[in-house]
Amino acid sequence: QEGSLCAQHCLNNLLQGEYFSPVELSSIAQQLDEEERMRMAEGGVSSEEYRTFLQQQPSVNMDDSGFFSIQVISNALKVWGLELILFNSPEYQRLGIDPINEKSFICNYKEHWFTVRKLGKQWFNLNSLLMGPELISDTYLALFLAQLQQEGYSIFVVKGDLPDCEADQLLQMIRVQQMQRPKLIGEEAAQSRDQRLSRSDVDQAIEVNHPFEGTGMLDEDEENFQRALALSRQEIDMEDEEADLRRAIQLSMQGSRRSELSGSLPQSVPQSSHSSQTESLSSEELRRRRQAYFEKQQQQLQQQNQTPNVQDKATLSSSTPEPGPGGDMSEEDMLQAAMNMSLESVRNHLNSEEEK
């Protein structure tokens, strides 16, 4: 529907063709206005009624929005030999005609007009506000008209023979079935707008809860994100490898201490007695003894700074690990040898890992 030209659409839907234009209906309205002005002038152009009539809007039969009065519609139908009778008038009600035996109705509420017409053997609501014709069953027609009257509509029965139309001829041979009532013209647009707003709200909620999903992230940002994940995994793997390496070094040092201490003993010392003594030493005991050894070394260095050079030489020569009396090594010498051998074993182990 264009503008408020519902009266034009009502007439053309009734006649099933483009029979009336806004210009033709405006011409009819102007003719009616002139006839009314002449009747009012019969009582005297100086009368109060005539002056009041002239002060009203330019026309009572049409306006700038495209509205046309019932008088315009009635005069337009007279061209086709058709007449309008008020449906709930006493004259028509005395006839007692069943609505399904009529051919068409014109309905009006305020400034809106639409047609209800029988095409073939079925009734259709040809309201120009709908997206298509609405099928009305014979049993529902009387109830539909009564409902319109309760809503304030004025209903007019169209009397006379309507011009032939292709739709009426086709529906005389077949019957149609309508599975869904046609929507109003603005109803579908409103529903689509509500759906777009609903989808927009859902998208915003997804963006808040999942900022990296469905937000059109740039390729560069995605690449940086993946690179950060890879570096994080690499750091975790390196930490795991370092932990495994430290554990292997610790086990190697424990094993090398035992084997190297036993190998560094003189042949005259029984192997079993010394190995049992080494096994009895815990890691904490070894740490304390190494700490004592280092403290003794530091004390000797301090004494070297305080004594003459001759005493320094004696001290240096005495600090060199030598076999004790009877060819035995002192406990401190054995710890020093064990540390040297352990470090050498760890160094060899690392070199072999690098070669792999």
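Every residue, even glycine, has its Cβ placed from backbone N, Cα and C.
Lifted from TrEMBL, the feature list:
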type: ACT_SITE; residues: C6; note: active site
type: ACT_SITE; residues: C6; note: active site, nucleophile
type: ACT_SITE; residues: H112; note: active site, proton acceptor
type: ACT_SITE; residues: H112; note: active site
type: ACT_SITE; residues: N127; note: active site
type: COMPBIAS; residues: 264-283; note: compositional bias 'Low complexity'
type: COMPBIAS; residues: 297-306; note: compositional bias 'Low complexity'
type: COMPBIAS; residues: 307-321; note: compositional bias 'Polar residues'
type: COMPBIAS; residues: 346-356; note: compositional bias 'Basic and acidic residues'
type: DOMAIN; residues: 1-173; note: domain 'Josephin'
type: REGION; residues: 254-356; note: region 'Disordered'
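In this model, the domain 'Josephin' (1-173) carries an average pLDDT of 90.
Remark: N127 (active site) has F114, T115, E134 as non-local neighbours, by Cβ distance under 8 Å and separation of at least 6 in sequence. Around C6 (active site), the same-chain residues at least 6 positions away in sequence with a Cβ under 8 Å from its Cβ are G66, E111, H112, W113, F114, S128, L129.
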